[in-house]
There are 2 protein chains.
Amino acid sequence: MAKTLIKNIGLYRNHKITEHGNIEITDDRITAFPEKIEDISAYVTVIDGKDMLALPGFINTHNHIAMTAFRSYADDMQLMDWLEKKIWPAEACLNEEVVYAQTMLGIAEMIRCGTTGFADMYFFMDQVAEAVKDSGIRACLSRGLTGITPNADAALQENLDFYRTWHNSCDGRITVMFGPHAPYTCPEEYLYKVVDTARSVGAEIHMHLSETKAEVDNHRKQYGLSPIAWADKVGVFDCGCLAAHCVHVDDEDLEIMARKKVRVAHNPGSNLKLASGTAPIGKMLKKGITVSLGTDGASSNNNLDIFEEMRLAALIHKGVTYDPTIIPAETAVNLLTEGGAAALGYRDAGKLEIGYKADITLMDREGLHWYPRNDVLSLLAYSANSMDVDTVFIDGKPVLKNKEFVTLDIERIKARAEETKKQLLAAVESV
Amino acid sequence: MAKTLIKNIGLYRNHKITEHGNIEITDDRITAFPEKIEDISAYVTVIDGKDMLALPGFINTHNHIAMTAFRSYADDMQLMDWLEKKIWPAEACLNEEVVYAQTMLGIAEMIRCGTTGFADMYFFMDQVAEAVKDSGIRACLSRGLTGITPNADAALQENLDFYRTWHNSCDGRITVMFGPHAPYTCPEEYLYKVVDTARSVGAEIHMHLSETKAEVDNHRKQYGLSPIAWADKVGVFDCGCLAAHCVHVDDEDLEIMARKKVRVAHNPGSNLKLASGTAPIGKMLKKGITVSLGTDGASSNNNLDIFEEMRLAALIHKGVTYDPTIIPAETAVNLLTEGGAAALGYRDAGKLEIGYKADITLMDREGLHWYPRNDVLSLLAYSANSMDVDTVFIDGKPVLKNKEFVTLDIERIKARAEETKKQLLAAVESV
C-alpha cells in the first residue's frame, strides 16, 4: 500500500472551499481527509499544498483528440468549406502512427491543463487507447460511426471489437461507448443497427446532436422530428447517452433530454468558433439535466484547455441571456468536475470524497490574478487560468508535479507530433 | 545610446508573421530590423528570441485599475444590487494608500500578460499616475466625473489640474483625458461643462457609452436621443473620444461614430459577466471604426488579462452573428495591438516599425498548445495564452524577462494589495 499525503491545502468539497485541509491517498483512491497528521512517516510521499487548491480532476467530455494534427491548419472558414476542402481530405490520409503521436500530444496538453479524464470519438481507436494506456489518463472512447460511407458496417463491427477489447481495461481507466457520429451522417436504418449492437453488450452511446441550426432544420424536413426526438425514437437514449453540443434544442427537446437522462457535453469554444451558437445550458441545468464541458477537437477550438471552456461557460450565458446569475461560479466549477464525471458515467470520480478515485488537480495561487483574496471560488471561476495547474494525480499516480511531467517525455511528444503532422500534410498534398 | 538586440525571433509585422528576424532597440525606440548582425559587440544587451514571437505590446483600453481591490469581492449579482449594496459603499472607503497599492498590483498583472499600455478612469488619480510612473508602464489616465454628486465641480477641477500636472509627463508615457463617467451619471449641463473644459486645454474624452440596454432605453425616454447621438450633440466627439462598451448601438449610432472617428474600447469579458450583451464590433470594423480591447475593472471581469479578451473577441462574435469569418485571427491580434494604440491616440506605438516606441511583447512557443505548427497567427489567436508571455519591453526598457519582473518587487506588491484590501474592508464594515 503506497500512501501519499497532500497537506495543508485548500479543498474544494461539497461545493465549498475550506483552507488548510489534508488528503490521504492510498493506491488509487482517496482514503481520508485527516484533520491532524499523527505520523508523517506513514506516507511514502508528502506534498506540501501551501497556498494551493485541490480540486477534483477536470473532465473534458467531448474531443476528437487526434485532430490536434489539424490545429491551426484551417481557420476562419465557413463550416462546409472547412470540412470539404480541408478537414476531410486531410483525415483521409491519417494513419496509425499519426493518430498515436497526435493523441499523445493532446493528452499531454490536457494533463497540463489539469484534465484527468476525457471522452473521445474518432477512428484508429486502438491507437488512441494505446496512448491512453501509456499516458495514464482516464478516457471514455468511442469509434466514430457514419452510415453514409462504404465502411459503415465494418466500422460498427470495429466499435464492437473495440468495446470487447478495451471496455473497463487498464484498471477501469478506459471505458468504451458506441459513437454514431450525428443524425446527418447516420441514416435511420443504420442508427437502429448501432443501437441494437450497443444494447446487445450493454454499451452507452456518444453522439453529436443538434449542433447547428441547419442540421436541425434539415432533420425536421427529412424526418418530421427534431434530432433529439428522432434519436429518442430510435432508442439512442435508452442505451444511456452522452450528447455533444445540443445547441439548438427547444423546450420539447429539453423535456425528452431530462426524462431520458441525456448527459450533455457543452462545447462553448467550438460552438462559438464554428459559429454554431450557444447551447441553452441554463435551461438544461434548471431541468436537472447533467451538463459537462468539452473542448471538441483542436481543429475547431484550437486548444484542449478545458479550464478555458469553464471560463467561457461562466461568461457567455450571462451575456446572451442577460442574466448575470445564470451560471454562478460554483456551477461553472461543477461543470468542470462532477458534471464531467457524471457525463462519462464515472460513479467514483469527479469529487474529493473518501472512496473516490484519486484524480486530483492542484492549482497554485501565486499568480497576481489571485490577489487580493476575497472569494476563492470566484477567483477560481473568473480569474484563474489553466497555467496555475501545478500537480495532477490520476488513479493515485502523479502525472504532473511542479508543472513538469513526471512520466511523459514531452520534448519527444512535441517532436513526434510535428514530424507526423509533416508526413501527413505531405501525403495530403501528394493526393 | 543603449542598444539592445533581440535576435532570431518571429516577427508580427504588416499583419503577417515572418520567422528569424532581428530587432534593434536604441534607447526607447525600434531603430532597425537588421537582416544580418554585423557586429554583436555593438549591443549592450542581446536577447535570444529562439522559438519566440515578437508582437507590439498589448494595449488595454478600458480599466478602473484600483478596483482590483474588489476582485472576487462581489460576483453573480444583479447589476444594481452589485453597485448599490457592494461596490459603491466600498468605493466610499477608498483612500490614497489603497489606490496606489491596488494600482501597482493591477499594473504588475497586466505586464505579466504582455500589456505595455492601458487606459484608466477612476479617482485618486495622482496615486494612479504615481504607480504608472514608478512601474514604467504607459497609460492614458482620466479622472472619473459624475455630475450627480456634490463634488461634481471639484472633480472637474481635479481632472483639469491632473491634466496640467501629468499630461505628456514621464517622457510621454502618461497622457491624460477627461473622464465624464456615463450619460446616466452626467446631466447635460454638466457634460457641456466637461466638454468646454476639455476643449479649453485640447484634451480628449474617455466615457462609458451605451453599455446596457436599460441605459439606452432610459436615455431615449429622457432626451429623445440615443446616448451616442446625445454625446455627439453635446460635443464629446469633437474633442476626440475613447468610448467604452458601445454594446447597444444601432446603425444611426454607428454612422455617427464612424463620421466622428469615435474609438471604441470593447470589453467582451465585462459585458458578458455583467450580462450587458455583445457589442457589434463586426459592424464597427466594417465601417472603419477603430476598435480596441479593454478588460474593464477586475471587479467585473475578474482579471486584467487582455489576451483573454482577445480570445473572447475572436470567438463570441462568430457565435452570436453565426458568421465564422467575422473576426479572423489577424483582426483579433490587431484589436490587441494597433487597434489599442490607435484608440489611445498613440501615433508611434502599436506596431513593430522603425521609429516606433520599443513597446514589445515576446511570447514563447514552448507550450504544447503551440504544436503542431501549422499557422502561427491562428495559433496565437486561438490557442496561445497570456502565460506564454516571456518578456516585455516598455519604452525600450525590459520590465519582464523570462517571466520574472525586472524592476518590480512582486512579493511586496502582492502583500501590500492584500494588506490594504483588508484595511479597506474593515473600514467598510465599520461604517
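A Cβ is built for glycine as well, from the same backbone N, Cα and C atoms used for every other residue.
Among A:Asp296, A:Asp305, A:Asp323, A:Asp348, only A:Asp296 appears in TrEMBL as part of the Zn(2+) site alongside A:His62, A:His64, A:His208.
Residues A:Glu91, A:Arg143, A:Glu211, A:Asp296 are recorded by TrEMBL as substrate binders, and the candidate that the same record lists for that site, out of A:His20, A:His181, is A:His181. Looking at A:263-290, A:403-430, the range annotated in TrEMBL as coiled coil turns out to be A:403-430.
A:Glu91 (substrate binding site) falls within a helical segment according to DSSP. Scoring each of the binding-site residues (A:His62, A:His181) by how many neighbouring Cβ atoms lie within 10 Å, the top position goes to A:His62.
In the shown protein chains, 19 other C-beta atoms lie within 10 A of the C-beta of A:Glu91 (substrate binding site). Cα to Cα, A:Glu211 (substrate binding site) and A:Asp296 (Zn(2+) binding site) are separated by 12 Å. Other than A:His62, A:His64, A:His208, A:Asp296, the residues of this chain whose Cβ falls within 8 Å of the Cβ centroid of the Zn(2+) site are, in sequence order, A:Asn63, A:Met121, A:Ala244, A:His245, A:Ala265, A:Asn267, A:Ser270, A:Gly294, A:Gly297. For the substrate site listed in the record, the two most distant Cα atoms among A:Glu91, A:Arg143, A:His181, A:Glu211, A:Asp296 lie 21 Å apart. When the Cα of A:His181 (substrate binding site) is compared against those of the binding-site residues A:His62, A:His208, A:Asp296, the shortest separation belongs to A:His208. Across the fold, the C-alpha of A:His208 (Zn(2+) binding site) and the C-alpha of A:Arg143 (substrate binding site) stand 13 Å from each other.
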